[in-house]
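J.: Shown below is the structure under consideration.
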Amino acid sequence: MMGGGQQQQLQQLSEELQAIDEEIDELREEVDDLQSEQTSIDEAMDAIQTLESGATVQVPLGGDAYVRAEIQDADEIIVGLGADFAAEQSADNAVESLSTKQDALDNRIESLRDDIDELETESSQLEQQAQQMQQQMQQQQMQQMQDQQPEDNE
């Protein structure tokens, strides 16, 4: 029979592994979201650099609805600053602001990837520990079965 303490430790390891795996998944989702934001910023920077005064563009209204609008001044760009604040900037300054956001996103993504690597290492170590514990429990169980078999003296 397996030791209750070992079985409990194995259960605890399993729960820790599950929690780590869930955290890794959450961090990966966050990385994906940040990468999507980076793509959006790249597209905005490209658009700013190719905008021309007098050009007609489609402006999203939400819910997949758009309106056509004419660019009056391609050098006046409104850039979100965060927390629902925005500022009007020249095209060059807007690209610079967006580039700064890109750098911050790069740093955050790198930090998240480091966290993921650490958690994956921890997960691997816990998996090895759980496997060793299972092997040990199986060996003990086999030994107990052998000890319980009657010996033939004939």
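Even glycines carry a Cβ here, placed using N, Cα and C.
These came from Swiss-Prot, pasted as-is:
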| type | residues | note |
| --- | --- | --- |
| COMPBIAS | 92-102 | compositional bias 'Polar residues' |
| REGION | 92-154 | region 'Disordered' |
| COMPBIAS | 103-114 | compositional bias 'Basic and acidic residues' |
| COMPBIAS | 128-148 | compositional bias 'Low complexity' |
J.: Could you give me the DSSP helix, strand and coil counts for the compositional bias 'Polar residues' (92-102)?
T.: 11 helix, 0 strand, 0 coil
J.: Can you tell me how the residues of the compositional bias 'Basic and acidic residues' (103-114) break down into helix, strand and coil by DSSP?
T.: 12 helix, 0 strand, 0 coil
